[in-house]
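Take a look at the structure below.
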Amino acid sequence: MKLNIALLAGDGIGPEVIDQAVKVVNAVAIKFKHEVNWTSALTGAAAIDAVGEPYPDETHAVCMAADAVLFGAIGHPRYDNDPKATVRPEQGLLKMRQKLGLFANVRPTFTFPSLIDNSPLKRERIEGTDLIILRELTGGIYFGERGRKDDGNTAFDTCTYTRVEVQRLAKLGFEMAMNRSKKLCCVDKANVLESSRLWRETVQAMEKEYPEVKVSYEFVDAVAMRLVQWPSSYDVLITENLFGDILTDEASVISGSMGLMPSSSIGLHTSLFEPIHGSYPQAAGLDIANPLATVLSAAMMFEDAFGLKEEAELIRAVVNKSLDEGIVTEDIVVKGKKAYKTTEVGDWLAANIA
Ligand code: IPM
Ligand code: MN
């Protein structure tokens, strides 16, 4: 099969972790006789430096022409403490999500048996956790009207949702639930927010189309608590953009390391696959970043963008083997054991695919 993949390495540790995923994907392609065409394109601070824009039109054209986008990370400390910066790397990410119509962000959270004690949460609480947070990605407060009033002394951001936006996200949630344990949780703040009441009402109206799915409606503050108390009680959770942003960072704690969690974003055009960990600028260039989240994102890409499940399973198996054998970066190494470099982990994974 021909695999046309757009490669957006981005900022910080993005390029390093992407390099390892490329090694793994190439090894899989050789083994299964696929032909990979990589097309690299600029994004984030790297794109601002080169062309003054974090998601240039050329990059968008590359993404539109590809079958899948493999993405590293966006963000640079130079912009974080400068609230007056008019061009920011994150704008590139938001523009990319919007222009590619990536309205659904799939963020799985699961535990790895060999890493369960890495989590700050007690083993008995997290064992068996396997949940998916389905985050709406192109609406809500991220894209609503915002601005300043009263000579800059008042600021506002608005959270707006249409019924159609809720329906298309919820539909994916119901379908995922049907393929899993048939449990769906709608996370909102319907006791306060009108937009949440629209979510709840819309999801409630869809229930009759999926009579087998058991739907619960829970407030986001309560979910934030229960997610770390009894994560294994959840399966598929659907929620709006900002709640999903916050809950997915929280959920990554369950797995013991943010460096392990992959994600996919799907919608109207090319799907995108990325680690959830961000650009981690403190580690950039040090060859210490954990590449596994990006490698596991590549596994999601094989399965979801190309329908190649066997290839995806092989990648996951090799990642599990690296965890079992301790071929891991310093963030997840067992105390007293040798920590491997980013590049060494990538080489080991690729060699073990062959
Ligand atoms: C994420 C990130 C982004 C978000 C930032 C970098 C804009 O935190 O993908 O979760 O808030 O969506
Ligand atoms: Mn986030």
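Including glycine, each Cβ sits where the backbone N, Cα and C put it.
According to TrEMBL, the substrate binding site annotation covers Arg97, Arg107, Arg135, Asp221. Asp221 (substrate binding site) carries a helical DSSP state (H, G or I).
Under the DSSP three-state reduction, Asp245 (Mg(2+) binding site) is assigned to helix. For Asp245 (Mg(2+) binding site), the same-chain residues 6+ apart in sequence whose C-beta sits under 8 angstroms from its C-beta are Arg135. The Mg(2+) binding site annotation in TrEMBL covers Asp221, Asp245, Asp249.
Look at TrEMBL and you will find 4-349 tagged as domain 'Isopropylmalate dehydrogenase-like'.
Under a cutoff of 8 A between CB atoms, and with a sequence separation of 6+ in the same chain, the neighbours of Tyr142 (site 'Important for catalysis') are Leu94, Asn241, Leu242. The site 'Important for catalysis' annotation in TrEMBL covers Tyr142 (among others).
Summarising the annotation, TrEMBL assigns site 'Important for catalysis' to Lys189 (among others). Mapped onto three states, the DSSP output places Lys189 (site 'Important for catalysis') in coil.
Counting other C-beta atoms within 10 Å of each candidate's C-beta, the recorded positions Arg107, Arg135, Lys189 are led by Arg135. Annotation note: Tyr142 (site 'Important for catalysis') sits in a helical segment as assigned by DSSP.
On a Cα basis, Asp221 (substrate binding site) lies 14 Å away from Asp249 (Mg(2+) binding site). The number of other CB atoms found within 10 A of the CB of Asp221 (substrate binding site), across every protein chain shown, is 13.
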